[in-house]
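Under the heading S-adenosyl-L-methionine binding site, Swiss-Prot lists ASN26, LEU28, GLY53, GLU74, ASP101, ASN123, citing sequence analysis as support.
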Amino acid sequence: MPLTPTATRELLAQLGHQPKRFLGQNFLVDGNIVRKSLELAQVRRGDAVVEIGPGLGTLTGALLEAGAEVWAVEKDRTLHAHLSSTLQPRHPDTFHLLEADAVEHPLADLPAAHAAAFKIVANLPYAIATPWLDAVLGGPLPERMVLMLQQEAAQRYVAMPGSKSFGAISVFLQSAYEVAPGHRVEASCFFPRPDVDSYLLHLVRRAEPFVFTPEVKALIRSVFQQRRKQIGGLLRDRLPDHGASWLARLTAAGLSSLTRPEAIPTELWRALQVRES
C-alpha cells in the first residue's frame, strides 16, 4: 500500500479522488508511524482490531499483514470501493469492511463474540473524533486504543481537572482508560499535509473501567457547557431533589458549591452517577 506522498498522489489520481477536507482525509505516508501504531497497540496474530476511516488502506494493510482480523468502517464510497477491490480479495477471511458513518457504527459492526477482547487502531478523521469517541465509551470497551488525533484534541481528552481544556469528554475517557505514553506526529507524515501536528494517543482500559449512563453523560455535558458558572447553581437547576447530597461530597473533598465544573475531579463526577442510580 502507498506510503510516500508521490505514490499516494498517483493512486488518488488513478481513482479520480480528490481528498475531502470535510471528512478529514489526510492520508498517512510515513511507514515509521504505521509501525509505531502497531507497536503501541501490541497487535498480535489473531487479534480482533477495529479501524475507523481506513482510507487508502495503508494502516489496514499493516494490521492484516501482522495477522490481525480487521473490522473497518469507511464512509467514502470511492475509498470503500478501492479497499473492496484490493484488500478484501487478498484477505477474504480476515478483512471485514463496512460502508457507513463511523459515529453511527463506532465499532464497525464488530460481532458480539469479539466484544470482550478487541483493540482499536485508527488514523481517526479529525472531524468526528469527539462524537465517535463518546460513542465508543458507551461500551463495549476495547482493551487498548491507539488513535491518531489532532494534537489539540488529544490534549483535551487527557487534560487534568483545573485546566481550561478539561471537559466532559475528559471525564468520560479518563474514567474508563489510563493514558499510556504516546507519540507526537508531524504534519509532514500526511498527504495532503494538515495545518496542525497530530498525536498518537495510547489508551489502556482500566482494570475496573467506569461507564457513565446516557442520562448522566447528558447531565455532565450540559454542566460543562456552562463551565464558568458555579456548580451549586448548575445542579440546583438540573437536580433539584438530589443535588444537595452530591454537593456534600464536594465539601468533604475540600471543594464547595462555588467550584466551577472544570475544577471537579473525575472521581466526584463518577459519584454523581452512583448517587443517581
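Each residue, glycine too, has its Cβ placed from N, Cα and C.
Positions of Swiss-Prot features highlighted on the structure.
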residue: ASN26; record: S-adenosyl-L-methionine binding site; contacts (Cβ under 8 Å, 6+ apart): PRO19, TYR126, PHE190, PHE191, PRO192, ARG193, PRO194
residue: LEU28; record: S-adenosyl-L-methionine binding site; contacts (Cβ under 8 Å, 6+ apart): LEU3, VAL34, GLY55, THR58, LEU59, ASN123, MET148, CYS189, PHE190
residue: GLY53; record: S-adenosyl-L-methionine binding site; contacts (Cβ under 8 Å, 6+ apart): LEU23, GLY24, VAL73, GLU74, LYS75, ALA102, ALA122, ASN123, LEU124, PRO125
residue: ASP101; record: S-adenosyl-L-methionine binding site; contacts (Cβ under 8 Å, 6+ apart): VAL73, LYS75
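When the binding-site residues GLU74, ASN123 are compared by the number of other C-beta atoms lying within 10 angstroms of their own C-beta, GLU74 comes out lowest. Secondary structure at GLU74 (S-adenosyl-L-methionine binding site), as computed by DSSP, is strand. ASN123 (S-adenosyl-L-methionine binding site) falls within a strand when secondary structure is assigned with DSSP.
For the S-adenosyl-L-methionine site, whose annotated binding residues are ASN26, LEU28, GLY53, GLU74, ASP101, ASN123, the maximal Cα to Cα separation is 21 Å.
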